[in-house]
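Asks: Questions regarding the structure given below will be posed in turn.
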Amino acid sequence: MLSACGANLTWWQFEPEGVEVHVRIRQIAGLDGLRGVAVAAVVLYHFFGDILPGGFMGVDVFFVLSGFLITSILLREVALTQGVSFRVFWKRRLWRIAPLALFVLIMTTAVVGTIGGDLAVKLRTQFFGTAFFVNNWVQIANSESYFAKSDIQVTAHYWSLAIEEQYYLIWPILVWLVLLAVRRNAARFRPRMAVLTAVLAIASMVAMAVIFDPQQDPSRVYYGTDTHAFGLLLGSLVALLLTSPVRSRVADSHPRRLNWFKHQLLADWIPALAFVGLVAMMMTVHAESAFTYRGGLVIASVLTSLVVMGLARGDNAIDEWMNIRVLRWLGHRSFSIYLWHWPIVMILPVLAPWAPEWLIGIAAVVLTALISEWSFKHIETPFRRHGYRKTIKGWFSGGVMRKLSVGFAVVLVGALTACGLATAPSESSLEKDLKEKSERLQKENEVAAKTTPPAPKDGSKIPVEDRKMPSGKKISMVGDSVMLASVDALQEKFPGATVDAAQSRHYIATLPILQQMADAGTLREFVVLGLGTNGPSDGAGDPEMLKKIREAVGKDRVIIYVMPYGDRDWMAHANDELIAEAKKTPNVYLANWCEAAAENDDFVDGIHPGEKGAKLYAGAVENALKQWKSGKKDIPQSCSN
């Protein structure tokens, strides 16, 4: 029992006694077209990112639509019953989403588990995080990146579904609490609910802008329910503005055609212009831009809200556009398309490593269309229309051979799924390789630490005509996992050099290492620093980090900075810092790995080089030492990968 505002109520008493209310809303055909636009944008972004760099905003369109429709259903139920049935609401949401979502998850797990290898890394964590609709928080906890070209999980796209399900869990409770607070007074409920919704939306927008760090991967704010719920909340706010508050036994009169736009011209063109603006953003805004997280996604959600308002009003330009047959066809199948497209594009390159990206993209589009159509007809629609029992019973209807075939398929998929989960590796082949190299280096460095090198000369002041290429015994190298991946090539080219490289190493962790080596007398005449993969030098909030490193190394040594390469947002900034440092500091030279890597096709994951790429990495260091030998610096203007 709950007591609020002087009334003792239990949640089920909000329904008329003995009546299960099923709330329907008037079909707005144009919303299917908008769904079609959204899913097409997401698919194009994942398959052909260069064509639509901002296609990831299609997910924000889905968020607004979901918030609008779910809140409309809740508001109509409130109008009919002056309450909310949690049981009915959650049951309908679960059976609308869970059957297909779990079917795709199980099939994906079975296939990926069978293929094995790096594709199946952490498959157990992925599976259970997805099955319980907390995929987004699991990825945040594991520091997974949505925007990196490497190390992306096969279930990564379920993050948005997790946010929606979490919203569906919390939102009806908030609606019910506000209803209690106003003593079920419809006149007071709607404005208070609208204010609460607006406040929560603004809070989510501010949270994304504040927590976002332009020098770090943006996945935390992109995946977070707290930082990315504003689209759902804006959709809910639109529903609160448009849905009729009048209590009626006819529950399909939603939404009222408000004169929201006072003039017909505005009613026609404001939603249309909003849609044009939304498409323009999808064509121009990039995931690595700070604007995306400090206003861009919010603007996209606001523009989508205006489009939804126009579609709800009807009889205007945007309504005609969104009722194009192909868009509505895509919209009807958008859920199936969204769930299938990502596993397909992840699995195909593994099965056909010889195929170029454009061919993989085309094949992925065709397979996604075919499989999505099948699952729409045989999984999604039957469960939605007929429910669990009737659909499952229908699978096993017919003759003996049909029953045996279906039974065999169920057992086979179940066995493959269980086997895949049981045998899923916890680390990738790259992680294993880096771990082995790290352990080997640790032993080598322990031996090297016992040998004190000769006192370094002031390399920057040696006359050019007297300079010779330094041997490995005069070189100390400190770096991150990219240097670690290249250690064999570095030791081959510079035998005798000491290499101290580790995964996830940042500048701030390198400074004490250099200070310790300098104090111990083990820091050699030439110091090669391979950093930046995990953030720029000022990424830890210290704008003088390069100065501190320079002071720790000392003026009597030559510093070689390896310019980082990769798909991280901060790479351009990290390289600009190094370029500026080399221009103003006589004993600082640059190894242009950034440029060499851009012409290299031998990467394990888009960042860490393979055997051929590692030789290019070592070659870039050698070229920097040749610059010192010649006395001529070769400083690039920029390098943004």
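Using N, Cα and C of the backbone, Cβ positions are placed for all residues, glycine too.
Keep in mind that TrEMBL annotations are predicted by a computer and have not been checked by a curator.
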Asks: Write down the single range among 291-314, 507-530, 555-578 that appears in TrEMBL as transmembrane segment.
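Replies: Residues 291-314 are the ones TrEMBL records as transmembrane segment.
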Asks: Among 95-115, 227-244, 265-285, 335-352, point out the range having the most Cβ pairs under 8 angstroms from the transmembrane segment (404-424).
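Replies: The stretch with the most close Cβ contacts to the transmembrane segment (404-424) is 95-115.
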Asks: May I ask for the residues of the chain that lie six or more residues beyond the transmembrane segment (265-285) and have a Cβ under 8 Å from a Cβ within it?
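Replies: Tertiary neighbours of the transmembrane segment (265-285) are 37, 41, 52-55, 57-58, 61, 291-292, 296, 299-300, 303-304, 306-307, 309-311, 313, 316-318, 321.
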Asks: Express the predicted model's confidence over the domain 'Acyltransferase 3' (29-372) as a mean pLDDT, rounded to an integer.
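Replies: Averaged over the domain 'Acyltransferase 3' (29-372), per-residue pLDDT gives 89.
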